[in-house]
């Protein structure tokens, strides 16, 4: 088939100058070339044009067929679009003829392929992402068909050969492989398509071709996946691995042990192993380009007429500059030409060995053949690789970035020490897969442990903040309760004093003539009996002092400020937390004497609120009529139920102080029963909003207390209960119950 294709292509002409019977082809441009134009193409570099000989290069049949289809379909018109337009023919360059000089052909070729001067331009900017995305989507549709010219035209306009279609979830190579379009597959791979790319179903184009039943295309894609290493292996020993049988590498060994085994060579191999995957890939691609240059030079020398002493067409002495690469990489690529045959073969063998190590870690090389090379094979390989003498440099010596770094390193002693340390680390030998996995596993475990500790720290900080806020709230509310109780007791004492003075003076007044806001003298002991029981409740400071030392440390940081300290010090001078302060009592007495006969002064010195007036009206209804309404309970019943709730709360707080957490559930049940009995005294929907809100707070707090106390028993056998936080929550619930009961008692005074 190859011979038949060569005969057909021999009838074509050069795509750049029209010379008959061209002997070369540019596979990525889809044109045929004569010797003169071939020399110009090779001087541009493989990133511009990938040149092969029609007669002497090794061709895959599908690749040669793809080139033939592009030539016959007129792919050259893509690169000469404006030259074929009569309206623009006068304003553009003239296409050279076969008899023109090489310089004229070189200028035209550079303008045609390097600068794309004659290619059709879209009416938009090149950096327009929407246009480029639309072109890439059109490429997805084009590769389904056999129209290679359309696909090449889209690629010339800037379509992405590896574009991942968001709707189809695949690249153009996946689409072409699934459709069995071998020519499209060859065109895409020549322009840089990745045969190992994954689609949305994690399948490669190789798997797509195999599942679709295209066995020839499947084998070709497998060969394309190992194109770089296969090209290097074939360059050394003239053989290729059998990928279908699982053999992917052939590592030649020099039979005469001529491989460089000096200490300097060992250090160089260790540095090669220390390269990152990206750096190693760049080095392997540069060596691949150098292999292609040397092979093309060998073919060029065998096809040219050496009778002429001076020729314009010469070999390419080193790899041309690629403007997309850095200056350091371009200089390194050019230095590859200075390697002699033996040195270059040693470098290729080292790259193959490291490529095998990177692709098959852990030393599993069962599918690799280490074939020693005989003296005859080595002589033939060295003969192919030695195309010119290396006595003189092939290009002018220029100052490179590496030279500047070397001078800086020599002048900097710290840099010398760092380099010596790095070299000493590399001298220990390559790291095995087992050591790497161990270090990776240990690093992952340490990272997980650090994250766990960070989460635990955050949880502890949140718990401490919660405890601090609860303690502050409890201390503030405790101080408010002391002030209110002291004011209530002062008002009661004042009322008793006024009653005694009235009895002694003989002026008796009926109950209807007294102010409606004064307390009933005879009911005062009953009313205050509940308060006396609540006065026996331990304060927040006493509870904290009775707690374990761990709880004291957690909540100790939330100590009261100067104002709270003064309040506590003032309250500690009395026998009870709610005892009256003489100064406060005097101020209260002055407030009562100065107020109106029908108004009750507010304990905090503020104006009565609407809720206070409503409570006053409720108290007025109870105290002035002499008998409670049918819908409300009596004052004695409320006081009695309040005393029962208070006693149960005291029992719960003693259990908390003594760390008897197993008694929480029983105490909560008693409190909940007493609260329900209290709530049963009232109608379902009291008319007074204050009574209704107080009952809701009382019942909800009792239910919440029961839930918190049941948390002391873990739901799982191995569950861990935070007793410190749970104790604080139980105390908060008990306080809310006492607060609600106090409000109810206050209403019925």
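For all residues, glycine too, the Cβ spot is worked out from N, Cα and C.
Taken from TrEMBL, the feature domain 'Arf-GAP' applies to 1-126.
Note on the repeat 'ANK' (168-200): residues 27-28, 50, 60, 62-63, 65-66, 69-70, 136, 139-140, 142-146, 148, 151-152, 155, 161-162, 206, 208-209, 212, 214, 216-217, 220-221, 224-225 of its chain, located 6 or more positions outside it, place their CB under 8 angstroms from a CB of the stretch. Annotated repeat 'ANK' per TrEMBL: 168-200, in sequence order.
The feature region 'Disordered' is assigned by TrEMBL to 389-427 (among others).
Per TrEMBL, the feature compositional bias 'Acidic residues' maps to 389-405.
The feature compositional bias 'Basic and acidic residues' is assigned by TrEMBL to 406-417 (among others).
TrEMBL lists 485-516 (among others) with the feature region 'Disordered'.
Annotation source TrEMBL lists compositional bias 'Low complexity' at 488-507.
What TrEMBL records for 554-639 (among others) is region 'Disordered'.
Sequence annotations record features per position, and here TrEMBL assigns compositional bias 'Basic and acidic residues' to 611-622 (among others).
DSSP labels the residues of the repeat 'ANK' (168-200) in these numbers: 17 helix, 0 strand, 16 coil.
DSSP assignment over the domain 'Arf-GAP' (1-126) gives 51 helix, 11 strand, 64 coil.
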